[in-house]
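As annotated by TrEMBL, coiled coil applies to 47-81. As annotated by TrEMBL, disulfide bond applies to Cys130-Cys312. For 129-385, the entry in TrEMBL reads domain 'Olfactomedin-like'. Here TrEMBL flags 1-16 as signal peptide.
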Amino acid sequence: MRGLVVLVTLACFANAQHQALIDYLERRLLAIEDRISLWHEQTTRYASELRELKQQMVSQLENLDKEKEALRMNLDGVGTRVDRVERELDYLETQNGAQPCVDVDDRLIEQQVTLVQEKQKAKYFKLSDCSDMISSIKAMKILKRVGGPKGMWSKDTSKGSGKVYIFNGTDGDTIHEFSSAQDFTRSLGLSLSRSLKLPSAWRGTGHVIYNNHAYYVNQVDDVMVVKYDLKTNSVTDSAVFPVQDHVPVYGLTPETVMDLAVDEEGLWAIYATRQNEQHISLAKMDASSLDIEQMWDTNCPRENAESAFVICGTLYVVYNTKQAGRSRVQCVFDVNGMVSNEEAPLVYFPKRYGSHSSLKYNPQEQLLYAWDDGYQILYKLVMKKKLEI
């Protein structure tokens, strides 16, 4: 009997130990599950915070890129303004003489004069291999009559552009754009044109259309060249022409103080000054920055000159001969010295109505766009090589 009691006691003790072990294991499992749940929550929170941080960094990088581009544009604008200020200062230096309190060495003045003379005599380096010159005028075509007796019309000289532009008169702030020469021809007056109001007034008939830009002459206190983007309808640059005491460049077109021209080499300025009042001067300009690259004093007189144009670096000045209403190229100046007046052929224009107020050469078509007493005329040119003379 006593042995049975012992066995029962041992069995109860074993069951108690087993139950305690089970309870302990359950508590441990619950603790592990709590820790796993906590780790999962923390991992989810960390992943969410990382995603937010990534989005913030991407946004900040995009803002930095925008600020970098804006800073680059500002720096480009500052560089352009600095260049313009330097040109303005150069011009002001030519306007203002030395102050009485400044003692200037005569030898220094002589050196500066010598440098200017050498720059004017320096050999011109061509930008193209063009060596053509006019042999004769093959044909004349009168497109229509629109506007006043004086003005300028031209087609954009850039490749692929067929647009035609009208500067009616000798001053104003509006130009007229036609989508093609055909539209201009069939238009009743200027009815098919698009009017473009410029931010400042133009003066004279010496304007050009070049590479989707209008280069026009503005004259208030100084003679200024303005570069106007025809695509964005905004001024991209302007510069005071660094020459003092301008006089009308042509004796028969007194409204034009400067005549801009375009040829295979780019942009040119035809002008005259009181220092060289009897003759016409020529300057090569950078079409992008409007800087003056080189300047020449020609032997072409202003008297009886009505207009001029440039082809392959050669200036052709047209004069009214008063012979049955005909004009002719009477003076030629080649910046490379390949053509002289004695060697150049006589080029007569067909009989017309009045006097050319503008002649604009289109190097793509080898045509002259002429404005003659309100008539818009095209001259087809016959060319030859300069070396064939």
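Just so it is clear, glycine is given a Cβ too, placed from its N, Cα and C backbone atoms.
Neighbour density for Cys312 (disulfide bond): within 10 A of its CB lie 25 other CB atoms from the protein chains shown. For Cys130 (disulfide bond), the same-chain residues 6+ apart in sequence whose C-beta sits under 8 angstroms from its C-beta are Asp263, Glu264, Glu265, Cys312, Gly313, Pro363.
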